[in-house]
Protein chains: 2
Amino acid sequence: MKFEIMRDRLLDGLNDVTKAISSKTTIPILTGIKIDVTDNGVLLTGSDADITIQTFIPAEENGDQIINIIETGSIVLQARMFNEIVRKLPTNDVEIEVENEFQTHIRSGKTEFHLIGSDASEYPLLPKIDDENKFEIPADLLKAVIRETVFAVATSESRPVLTGVNWIIENDELICVATDSHRLARRKVKLENLPTDVDSIVIPGKSLNELNKILDETSNPVQIIMSNQQILFKTDHVLFFSRLLEGNYPDTSRLIPTEFKTNITLDGKTLLQAIDRASLVAREDRNNVVRFETLEDNAVKISSNSPEIGKVEEQIPVHSIDGDELVISFSAKYMMEALKAIDGQGQEVIVQFTGAMRPFILRQVNDDSILQLILPVRTY
Amino acid sequence: MKFEIMRDRLLDGLNDVTKAISSKTTIPILTGIKIDVTDNGVLLTGSDADITIQTFIPAEENGDQIINIIETGSIVLQARMFNEIVRKLPTNDVEIEVENEFQTHIRSGKTEFHLIGSDASEYPLLPKIDDENKFEIPADLLKAVIRETVFAVATSESRPVLTGVNWIIENDELICVATDSHRLARRKVKLENLPTDVDSIVIPGKSLNELNKILDETSNPVQIIMSNQQILFKTDHVLFFSRLLEGNYPDTSRLIPTEFKTNITLDGKTLLQAIDRASLVAREDRNNVVRFETLEDNAVKISSNSPEIGKVEEQIPVHSIDGDELVISFSAKYMMEALKAIDGQGQEVIVQFTGAMRPFILRQVNDDSILQLILPVRTY
């Protein structure tokens with residue numbers, strides 16, 4: 001194996017695939033990056049067994065030569081070390097050569113590194129995914145869908161299936177739901193050409209967080225290919241594979257109330273900032289609970305109280321209060337995360353309650369594609 | 001105690017004094033900020049017992065009212081909480097009032113926090129420092145002096161006095177020396193009106209690092225007042241007190257060689273980058289040792305070798321080699337830190353050796369105010 005490549009292009013590729021590599025892996029070869037050199041270019045692979053990221057650097061692009069392939073072959077190089085070496089090479093021309101089994105030479109200017117690589121044939125094979133069940137979604141919309149749901153997955157492994165986001169395909173809609181059983185986030189997206197064979201999968205929250213880091217804020221399409229055990233996200237340069245979670249995701253649709261006793265519309269940012277302040281005192285207590293109380297004259301009071309630290313209270317104006325008076329307590333953290341997901345910065349938000357001990361929901365006034373549900377906390 | 005203040009001015013003051021506060025303190029009251037309200041303004045104090053930082057916010061500045069003093073008094077408020085509360089207040093107008101012993105109210109807009117403060121009379125008193133032994137130094141020069149020496153202090157407490165920087169006053173020069181007994185950094189500065197009563201003190205490295213964060217990159221004078229147990233650095237707004245280390249600092253002047261067998265001049269940045277690359281392999285070994293070897297034709301070879309990882313070698317050009325051939329090994333970390341302190345970015349550096357087993361020194365070719373000394377490592 002021998003090739004010459006521009007350092008910057010190699011670095012770009014390494015930046016993508018190293019996101020999949022974990023130093024905590026129990027499979028030693030997965031601390032490495034697999035490099036496959038073919039006649040058409042160089043394929044880089046990084047994996048932590050759950051997530052696998054591949055990127056292909058073509059030998060030629062728009063008529064320009066990017067890589068000079070001298071001899072094809074494969075090697076696995078320790079990821080962190082290889083990455084840092086490439087980053088610190090003195091010139092933009094890099095030559096990589098493997099000889100005598102796994103002896104790898106990295107040359108640039110008058111610098112020469114000699115690393116001991118590993119056998120690429122010991123690197124795990126990627127699962128095969130049928131091209132059948134696929135659809136497309138713009139990258140920026142996919143990022144929004146992830147951001148609006150993934151924060152609500154369970155962090156505890158006591159019900160593993162809840163650590164993922166449930167993607168349901170129903171007619172012409174993709175419905176994404178996450179819940180840790182104390183709160184729930186749901187996002188609906190209308191899409192064309194959705195597959196009909198796969199109707200419900202659960203994607204690990206961690207995978208979606210990593211995918212979000214790789215996707216650009218552009219409207220370029222991301223191709224999504226689903227099977228029963230794997231999902232593949234394809235962009236121009238990157239293939240992102242994730243395993244799916246096994247087990248049946250609970251049916252959450254019946255948890256969402258449809259009739260309400262108190263409806264309050266207000267500015268999302270004003271509420272977020274008041275909760276944030278109340279949380280300064282509340283979070284010193286174990287529960288981080290704030291109290292929310294309707295007042296006369298279109299106002300609500302946000303307060304919290306910690307015997308050791310002190311207390312805080314604040315009145316904020318609301319646009320309207322419709323229905324019963326209400327005093328309710330809930331987690332400041334859940335409320336802040338829900339408001340951030342609705343992205344109510346300066347937007348009108350409606351909060352709909354069914355009593356002090358029942359779940360309540362939040363959404364934008366003119367848009368129900370994003371719904372956030374929170375269970376209140378009993379404080380007496 | 002009661003006053004009204006602009007939030008931004010209060011925040012600026014808090015930013016300075018909280019740098020002294022450590023959450024790891026064993027003295028509970030030192031997790032707090034002391035607030036003293038007098039007729040002239042508000043004095044804030046933060047301390048970790050070793051370092052104390054004070055800042056005074058005047059009631060009036062250039063004819064503008066900054067604080068409205070309603071009632072004088074003192075209180076101690078938990079630093080982290082108070083800081084965050086002030087940062088998140090909804091308006092720029094803040095009212096702070098203490099009543100019923102230590103009940104503290106912080107009001108802004110329609111938000112009101114109630115905190116339980118502590119008795120200011122329990123806060124440790126500051127040491128008195130005589131104004132006798134004082135001198136001035138521009139802030140940017142003081143920052144440079146700190147940066148060029150403090151990295152070389154010992155991190156181990158086995159000889160506590162070596163965890164500080166030794167400041168010696170000799171005629172019209174301030175000489176600053178730091179050593180961990182494996183390497184040494186020395187900076188000489190000519191200054192006017194140096195005191196004559198105090199001739200050698202040891203300032204904790206940690207204090208100098210904190211001071212460096214507070215000083216601006218300006219030529220504004222910093223007044224330095226020394227006593228036998230304390231040093232005080234005074235800027236326009238901030239008083240920075242540090243205790244001094246006790247014990248006799250070793251006489252280091254006789255450690256510095258004055259006759260040399262090999263003199264090499266070269267570009268500091270070229271050497272730094274080559275050592276940095278060699279260090280990628282070297283640091284996987286316990287010692288982080290690189291090898292330095294003179295070659296014919298004004299070149300040196302930098303190399304390192306780790307049985308498990310691999311090896312690296314590189315030739316770099318030098319401006320001149322004068323004297324004996326040389327093969328020497330040393331810590332890559334020490335060499336990189338010394339080169340950064342000399343600030344040889346693009347500057348000509350001279351490295352002077354007295355044989356493979358003797359300390360060697362580095363400095364700028366045309367300036368001996370900064371000197372770096374490194375002990376080599378025996379590798380055979």
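Keep in mind that glycine also has a Cβ here, set from the backbone N, Cα and C atoms.
Now, the feature entries from TrEMBL:
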type: DOMAIN; residues: A:1-127; note: domain 'DNA polymerase III beta sliding clamp N-terminal'
type: DOMAIN; residues: A:136-251; note: domain 'DNA polymerase III beta sliding clamp central'
type: DOMAIN; residues: A:254-378; note: domain 'DNA polymerase III beta sliding clamp C-terminal'
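Counted with DSSP, the domain 'DNA polymerase III beta sliding clamp N-terminal' (A:1-127) comes out as 31 helix, 61 strand, 35 coil. Sorting the domain 'DNA polymerase III beta sliding clamp C-terminal' (A:254-378) by DSSP state (H, G, I as helix; E, B as strand; all else coil) yields 28 helix, 57 strand, 40 coil.
Residues of the domain 'DNA polymerase III beta sliding clamp central' (A:136-251) grouped by DSSP class, helix first, strand second and coil last, total 28 helix, 47 strand, 41 coil.
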